[in-house]
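Peer 1: Okay, handing you the structure first.
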């Protein structure tokens, strides 16, 4: 007999103004409890989704986010909590905005492609410049067009960076080092990438021929969906010390944010792994609550193959963002008749939003090696952590939070509290409030474009009819999401950026 909404809510316990606990029993076989972070505005969305599901008993679509967080807590080898960040919404298997860590020393511990997502190493990078808003405003339309001309965008877009089959093999294994070798990146860019832009366990042999075929023409392309390149202006500085370390010292300074991932290649790596893991689950008798949570023991051949292929796709995504950085620097140099160097177009940081990584964490009084899955969530390591660059040792790792089209973005920094509560993880963006299909039904793309124009935002878009899927109305309020993380102490606000021009697929 299905439980009523009231019965379901009896398993959810408020821990603080910004956190709830999901008690064992909410779904079967939970190994650990769940936890999610929300404020009062986001709380209504989360509970309404559960209420609607209880009424309809889950006809079609994904499970509610809170159920997905709990189902992840039932996976073998999970430790700590299954954590939902404030931008959490339902996704394939894991919710988007879900973090889960698995103890590598436990033979039953698993890796799940649904915990990384189809767009492996979808992520964001932020470049600063020495330009002011007043320098850009007179040439804003020309600059937006120059970016649109330089960066290939849209669903089937093909790259302009020359790449043969051998180059692709190298890029899959070398990441940003390939971009450096080929002259598409600056040496300092590598320092300011998560993992220094290269996952060493990558093995191009574990990326299928079909995935490579999809990836070969797409290098240096933005893709569609919520991917974008955005010219932004510093709107607010909350932490002057951290901002100065990032080269941001006043309001009105111009930055560029690039949001993209591993395109069709990453999607194929995930698809291939899910097929292999279904078989491995039968063989190893792994039981899960939701078949979308297909997984394999970390130490199994399927688990290892996926981790090596995923690392290759992650490296491809870093090369992709590096290539677009190269094209962005060219676009700016052309419009301002200068050089990227003279424009001070330095990379502040590059973070991943969809990835699984082996990390050392302190848990139950001892150091443990964990496989941390972050899907729609961002690594946020604290000051003095050995894995963050020298430049940010005193501030904590920069965390880049992209808003939705036409809304603000934020730069946060990692904290010690985040390290203990969420294994050094925070939110990644606004998080969807309306499905893509609902957005298309409810919103008119011309209204969305006019709204952006009224805000003084130039837009160049390859598929105007897809614009309403990415309209601000389709998403949660990014400020609510960021403020929740800030008040929970799992990351701290440093800088707020507002858009003045957007390039989209």
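Including glycine, each Cβ sits where the backbone N, Cα and C put it.
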Peer 1: Where Swiss-Prot shows 122, 259 binding Mn(2+) 2, which of 353, 361, 373 is named for the same site?
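Peer 2: Only hit among 353, 361, 373 in Swiss-Prot's Mn(2+) 2 site, alongside 122, 259: 353.
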Peer 1: Figure out which of 41, 52, 192, 227 sits with 119, 122 in the Mn(2+) 1 site per Swiss-Prot.
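Peer 2: Between 41, 52, 192, 227, Swiss-Prot records just one in the Mn(2+) 1 site with 119, 122, namely 227.
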Peer 1: Non-local Cβ contacts of residue 122 (Mn(2+) 1 binding site) (under 8 Å, 6 or more apart, same chain)?
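Peer 2: Listed in sequence order, they are 227, 259, 260, 261, 262, 266, 317, 352, 353, 354.
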Peer 1: To the nearest whole angstrom, what is the C-alpha distance linking residue 119 (Mn(2+) 1 binding site) and residue 404 (GMP binding site)?
Peer 2: 18
Peer 1: For residue 404 (GMP binding site), what residues in its own chain, 6 or more apart in sequence, show a Cβ-Cβ distance under 8 Å?
Peer 2: 226, 429, 430, 470, 471, 472, 474, 475, 478
Peer 1: Which residue, out of the binding-site residues 226, 354, shows the minimum number of other Cβ atoms inside 10 Å of its Cβ in this structure?
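Peer 2: Each of the binding-site residues 226, 354 was scored by Cβ atoms within 10 Å; lowest is 226.
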